[in-house]
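Visitor: The structure follows.
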Amino acid sequence: MTPTKHFNHLVPKPIVWTIAGSDSGGGAGIQADLATINDLGGHGCSVITTLTAQSSVAVDLVEPVSEAMLLTQLSTLLADLPPQAIKIGLLADQQQLQLLADWLANFKTHYPHVPVILDPVMVASCGDELGNRSTPLDFSRFKGLISLITPNVKELARLTSFTDAQTIPSKMTKADFAAAAIQLAEQLGCSVLAKGGDNRFDPHLAEDLLVCHDVAGCSELDSHGHFWLVSDRIDTVHNHGSGCTLSSAIASVLAFGFVLHDAIVVAKAYVNQGLTHARGLGHGPGPLARTTWPHSLLQYPKIVAVCADKQPQPYAFKRLTTDLGVYPVVNNLLLLEQLLAAGVKTIQLRVKSDAGITAAELEAQIQTAIALGKHYDAQLFINDHWQLAIKHGAFGVHLGQEDLAMADLNAIHGAGLALGISSHSYFELLRAHQHAPSYIALGHIFPTTTKQMPSAPQGLFKLAHYVELLKAYYPLVAIGGIGPSNLDQVNATGVRNIAVVRAITEADDPIAALAELTRAWEQGR
Ligand SMILES: Cc1ncc(COP(=O)(O)OP(=O)(O)O)c(N)n1
Ligand SMILES: Cc1ncsc1CCOP(=O)(O)O
Ligand SMILES: [Mg+2]
């Protein structure tokens, strides 16, 4: 595995709670959760619901803690160590579930933004039931209190109208599985990550389905999206605790302020790492290996939108041979020409469709900009207007994630244009990567007034993680609120290029501002 990079000095250590059962064998439950939270840089607190006498081959005894013990663990922790995220695992019985749901309802009135992830644990990996389940638990008490539920195929069947848990999962088609996940999202009013690991729709793949329910902090496109998250199947029997690990990893990444989609893909990569390096302990399925924050792209899932009418094309866009360095983004020809004349070698013309000019004026501007780019031997990217960029032979186009859905990437590639793609999260980075663009932009890093953004500023901690994931594959460009006051901090994340609007357009002397930014940027590298 590649050496770990820690960026934890950039943010405070978040507190993550696990409310779950103890696995005396150490591979699952509270023990797996605390190890996971620690690996990912959080501080784990535990609320034990149940003691299990468990090994890798059997569950011999399951005993719930008393009501007083459950409630006192919660109140003691809350008074001193309030959580940034909560994971709920094994609950002993309906009474305990009800008690916790009541406590959570009150907690949520004071901490409405703390995400709660529910792993509806029912069966241990050795196959034994975890609790007295003559009747399945009724999780509807958690409606409105949880952000995400993470059932495996058997749990999904039990929780929905696919009720015959023993027989139906093996017969479930991919379409049944998707229908059940969508039904569960409706039932509980939360997002669902349905784990397909046990269901071999394709024997070489592990395919999970993410059904998003009103997810905050991402684009409209994604907040209600349905996505298959696809990884190569890792051939190991040592998967004891993988469900616990996944849900506590999701809670940990959320606690750092990442959006739900990101928490899920990072957690899946962390589980994949753990499965890849797992060694057996005991005589049954051994625990996952304990690793670190996943920085290898190979461990991350592929994202396949369920309703996508087109799949990523199987080719790569033009490779850029030099760094972009300080990459100005401008909206007028006068400044464009001044910057080109001053020696800028990569630049973007960003004239939005609502800029108050006619279609003919827009085309004329783009045509002139492209001619200027050629005259000064520069790499000129046209923002959004990919048809005009092709028509007039631009060097490249820049597209956002929403633009990608509308654009004809075959035509852009066929015309030999370079392609830059925007991203605002791990999830969007992975999706951009599937198009193999010429560069990927990461934004917005700091608050900006240039554009209204649906996502929050990413900040330096997230930027450093994105760079670590993709720096070996693409030129990466940080954008959003970047200027002289924060240039050194941005540089320290390892990103090699920055795109700037106001730092140049609002400067008294844009040419001098660009020269000074470029000098400072190159000196910091
Ligand atoms: C270098 C660079 N990064 C990001 C953007 C933003 O593109 P997009 O998300 O499509 O938003 P608009 O610029 O079209 O409003 C960009 N243009 N350039
Ligand atoms: C177009 C765009 N996309 C993400 S941030 C941004 C604007 C960045 O502008 P500024 O450098 O003025 O903050
Ligand atoms: Mg755009």
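A Cβ is built for glycine as well, from the same backbone N, Cα and C atoms used for every other residue.
In case it helps, TrEMBL gives these features for our protein:
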- GLN348, LEU349, ARG350, VAL351, LYS352, ASN383, SER422, LYS451: 4-amino-2-methyl-5-(diphosphooxymethyl)pyrimidine binding site (BINDING)
- ASP384, ASP403: Mg(2+) binding site (BINDING)
- 23-288: domain 'Pyridoxamine kinase/Phosphomethylpyrimidine kinase' (DOMAIN)
- 333-504: domain 'Thiamine phosphate synthase/TenI' (DOMAIN)
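Where in this structure would I find these features, and how exposed are they?
Guide: Cβ neighbour count for GLN348 (4-amino-2-methyl-5-(diphosphooxymethyl)pyrimidine binding site) (all protein chains, 10 Å cutoff from its Cβ): 24.
In sequence order, ARG350, LYS352, SER353, VAL397, HIS398, LEU399, GLY400, ASP403 make up the list of same-chain residues 6 or more apart from ASP384 (Mg(2+) binding site) whose Cβ falls under 8 Å from its Cβ.
Mean model confidence for the domain 'Pyridoxamine kinase/Phosphomethylpyrimidine kinase' (23-288) is a pLDDT of 92.
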Visitor: Taking the residues GLN348, LEU349, ARG350, VAL351, LYS352, ASN383, SER422, LYS451, which the record names as binding 4-amino-2-methyl-5-(diphosphooxymethyl)pyrimidine, find the longest CA to CA distance and state it in Å to the nearest whole number.
Guide: 16
Visitor: Could you check the binding-site residues ARG350, LYS451 and say which one's CB has the fewest neighbouring CB atoms inside 10 Å?
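Guide: Output over binding-site residues ARG350, LYS451: least Cβ neighbours within 10 Å is LYS451.
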Visitor: Of GLN348, LEU349, ARG350, SER422, LYS451, which binding-site residues come close to ligand 3, meaning Cβ under 6 Å from one of its atoms?
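Guide: Those binding-site residues that pass the cut-off are none, since no Cβ is under 6 Å from ligand 3.
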Visitor: Just going by other Cβ atoms within 10 Å, which of the binding-site residues LEU349, VAL351 has the emptiest spot?
Guide: VAL351
Visitor: Which of the three DSSP-derived classes (helix, strand, coil) applies to ARG350 (4-amino-2-methyl-5-(diphosphooxymethyl)pyrimidine binding site)?
Guide: coil
Visitor: Enumerate same-chain residues with a sequence separation of six or more from SER422 (4-amino-2-methyl-5-(diphosphooxymethyl)pyrimidine binding site) and a Cβ-Cβ distance below 8 A; give 'none' if the list is empty.
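Guide: Residues satisfying the criterion: HIS398, LEU399, GLY400, GLN401, GLU428, ALA432, ALA441, GLY443, ILE479.
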Visitor: Using a Cβ cut-off of under 6 Å to any atom of ligand 2, determine which of the binding-site residues LEU349, ASN383, LYS451 qualify.
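Guide: Those binding-site residues that pass the cut-off, since their Cβ is under 6 Å from ligand 2, are LYS451.
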Visitor: Under DSSP, is ASN383 (4-amino-2-methyl-5-(diphosphooxymethyl)pyrimidine binding site) part of a helix or a strand, or is it coil?
Guide: strand
